[in-house]
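Here is what TrEMBL records for this protein:
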{"type": "BINDING", "residues": "B:K7, B:Y8, B:G9, B:G10, B:T172, B:D173, B:Y178, B:R183", "note": "ATP binding site"}
{"type": "BINDING", "residues": "B:T47, B:E74", "note": "substrate binding site"}
{"type": "DOMAIN", "residues": "B:263-337", "note": "domain 'ACT'"}
{"type": "DOMAIN", "residues": "B:343-401", "note": "domain 'ACT'"}
There are 2 protein chains.
Amino acid sequence: MPILVQKYGGTSVGSIDRIKNVAQRIIEKKLEGNKMVVVVSAMAKTTDQLLDIAYQLSKRPPKRELDMLLSTGEQTSIALLSIALNELGHEAISFTGPQVGIKTTGIHTKSRISEIDGTRIQNALNEDKIVIVAGFQGINENDDITTLGRGGSDTTAVALAASLNAECQIFTDVDGIYSVDPRLYPKAKKLDTICYEEMLEMASLGAGVMHTRAIELGEKYNVPIYVSSSINNKKGTMIKESDNMMEGPAITGMAINNDEAMISLNHVPHNIEFIASIFDALAKKSINIDMISQTSPKNNQVSISFTLPKEDLLEGKEILNSYIHQYPEIHLTVHKEITKLSVVGIGMRSQSGVAAQMFMLLAEENIPIHMVTTSEIKISYVIQPEDQQKAIQKIAETFDL
Amino acid sequence: MPILVQKYGGTSVGSIDRIKNVAQRIIEKKLEGNKMVVVVSAMAKTTDQLLDIAYQLSKRPPKRELDMLLSTGEQTSIALLSIALNELGHEAISFTGPQVGIKTTGIHTKSRISEIDGTRIQNALNEDKIVIVAGFQGINENDDITTLGRGGSDTTAVALAASLNAECQIFTDVDGIYSVDPRLYPKAKKLDTICYEEMLEMASLGAGVMHTRAIELGEKYNVPIYVSSSINNKKGTMIKESDNMMEGPAITGMAINNDEAMISLNHVPHNIEFIASIFDALAKKSINIDMISQTSPKNNQVSISFTLPKEDLLEGKEILNSYIHQYPEIHLTVHKEITKLSVVGIGMRSQSGVAAQMFMLLAEENIPIHMVTTSEIKISYVIQPEDQQKAIQKIAETFDL
């Protein structure tokens, strides 16, 4: 009998009725002839409520104790789902991450799975039980409870699927992966498939459906991941290996990010050590710089622009000011409201001219571009927020997204 | 440095402010030169809320899954208390029952501690950390999480104190053990000490301050247990070995129980097998019979009275009716409202005539007695509820309670 790993997110188990509904869906799949392993997250809002209490007690709660606290959320969910399944006449058994040997490594609240010992799960499956596993958590080399960071339940599910050689289905509050966020472009198409690399770029650009590490893990162990809705039965999206189509579409999806700001520095002395020291100072404060562009030198001066998370803008400006005061000629401009628009597609590898075509499309709409960066399968543009809707419309229609 | 085990109940950690207050109290004791091990319960009401959700999902949730669910309550408390202590600058580390090797045996939701491996606690204490342990929970031979039943955190604390050779302090929402429930007799005296046996009798009579099993464990391993308030700093009560005073008071305390009913059967044939079969049938339905009295036979008939929990009255009556219909001469009377008044004192062993003195006192007040049972250190009387206050007053004044 094949093993099927399903994962249900916090919204899917957010109430008594939803838990009952999830139990029904699991039983259907079992009756179709699958051995069922189900990963669940904490009930919606639980994690935030627990964090809120912790931060009322301390501005900097020890991360080990946060893990102890947060892991109770998933433990509650698994027990309740197991109770619901047993009530419906199907024997189920719940396990915490530590109980099924999900070994982790790395710092608390951001641990990584190092190893899974599936023996207890296999034994329970052989006794014809439905196995419910707490997502998001594991146990480290000190026998301490650890968590995997936000969205870590996805990672748990994919890791279990890899270790059990099983299929993996992620049920969430959206019904699949769309080429463009449907809230921004209602005509967006749902994708039947997307390859790991494209999905990774989309996820890191803020298409928040899936945890990035889960996709990396899927890619590493070649576990196809099916993403769909836990509420309806619409067809979802399969994340899998690229099928290396020579003539695939150039662009698979578009992602919009409004959470970044842009800082421009003009009349910067063309001194590579000085420029490096600025970015080093920002990095040391864990400010995550995304796009960077630098003009070629003119009168031994350059212009530099880069984007950073809006929440780090204040701190970033302070750091910069402490550096540039030695060069009074440097002029600092902040663009707090920008739109980062990115297109992603594995087809870019084989099809040239996508960047040029994008420039053309934006020019046709009179949309000024403030910055551009490109990678192998992604191009990102910084434009003004007021041009965002026009740009989405034009690009989505042209590339049939 | 001596090790001190403290236990704080659910009310004591029932809010952010109370958790902070408990943290302060723990630090005071540490600064006095103790190695601190602290057992906490789930925050007030948490356990009931979790049970409520579970019973919304199922009328008979599997006990293993209930244990999985309920154990999250204490896990939340220990993490929060540890966060509060660290915030105050004192390194603390929280452990679940399983993490500190509290091995249990027996059925889920009512497990018993079989063994404690104190290594992790000792290591943490040697690193000068305050150790916070989840009460009420352990791990059984299948590596499943178990709980010890209501009030089990007291048992955890006493068991830890026994295994660490430490003092044990139980902090709760009352400030010690009183000779009589102060709500019934406001002039009641707080006891400085009470011996294990007396405390066991008092606890089983419904003086609900301490978990019976915790007292048994204290007696078995001779761990003195200090009970006092977590809110104020009033002197509490020490539960310890009897100091075998020859001239101690005959009566240490009085307990009142209004949760029982009495059933009387008159004209019962003096047939020992028949009578035994009645009590056997009640026992098989787990109806807990407490006091029993039987008159001596007259015309080959006897009268039997016994008390049982009010909540079992309906079921008890049904069982009895199915037995006595074969003897139409048997007459069944139910006394739904009764007061069981018990006096307890280890001094009864050496002082005779306490029962006689009690009869005298009640007679002086014209209080009819419906039933009497005696044990080595306890005498219980069933009286009418309307006489309760008069009886308490008279007895408490006479014996200086």
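We number each residue from 1, going along the chain as drawn.
Glycine is no exception: its Cβ is also placed from the backbone N, Cα and C atoms.
Just so you know, TrEMBL annotations never went through curation; they're auto-generated.
Annotated features taken from TrEMBL, shown on the structure.
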{"residue": "B:K7", "record": "ATP binding site", "contacts (Cβ under 8 Å, 6+ apart)": "B:V38, B:V39, B:V40, B:S41, B:G135, B:S153, B:D154, B:T156, B:A157, B:C168, B:Q169, B:I170, B:F171"}
{"residue": "B:Y8", "record": "ATP binding site", "contacts (Cβ under 8 Å, 6+ apart)": "B:V22, B:V38, B:V39, B:V40, B:S41, B:L81, B:F171, B:S230"}
{"residue": "B:G9", "record": "ATP binding site", "contacts (Cβ under 8 Å, 6+ apart)": "B:S41, B:S153, B:I170, B:F171, B:T172, B:D173, B:S230"}
{"residue": "B:G10", "record": "ATP binding site", "contacts (Cβ under 8 Å, 6+ apart)": "B:S41, B:A42, B:M43, B:A44, B:K45, B:T46, B:T47"}
{"residue": "B:E74", "record": "substrate binding site", "contacts (Cβ under 8 Å, 6+ apart)": "B:V40, B:S41, B:A42, B:T96, B:G97, B:A134, B:G135, B:F136, B:Q137, B:S153"}
{"residue": "B:Y178", "record": "ATP binding site", "contacts (Cβ under 8 Å, 6+ apart)": "B:A188, B:K189, B:K190, B:L191, B:G253"}
{"residue": "B:R183", "record": "ATP binding site", "contacts (Cβ under 8 Å, 6+ apart)": "none"}
Annotated ATP contacts B:K7, B:Y8, B:G9, B:G10, B:T172, B:D173, B:Y178, B:R183, maximal Cα-Cα distance (Å, integer):
25
Find, among the binding-site residues listed as B:T47, B:T172, the one whose Cβ has the highest number of other Cβ atoms within 10 Å in the structure shown.
B:T172
Quick one: DSSP breakdown of the domain 'ACT' (B:343-401) into helix, strand and coil?
30 helix, 13 strand, 16 coil
What three-state secondary structure does DSSP assign to B:K7 (ATP binding site)?
strand
In which DSSP state, out of helix, strand and coil, do we find B:T172 (ATP binding site)?
strand
Find the average pLDDT over the domain 'ACT' (B:263-337) in the predicted model and report it.
89
Counting across all protein chains present, how many other Cβ atoms fall within 10 Å of the Cβ of B:D173 (ATP binding site)?
14
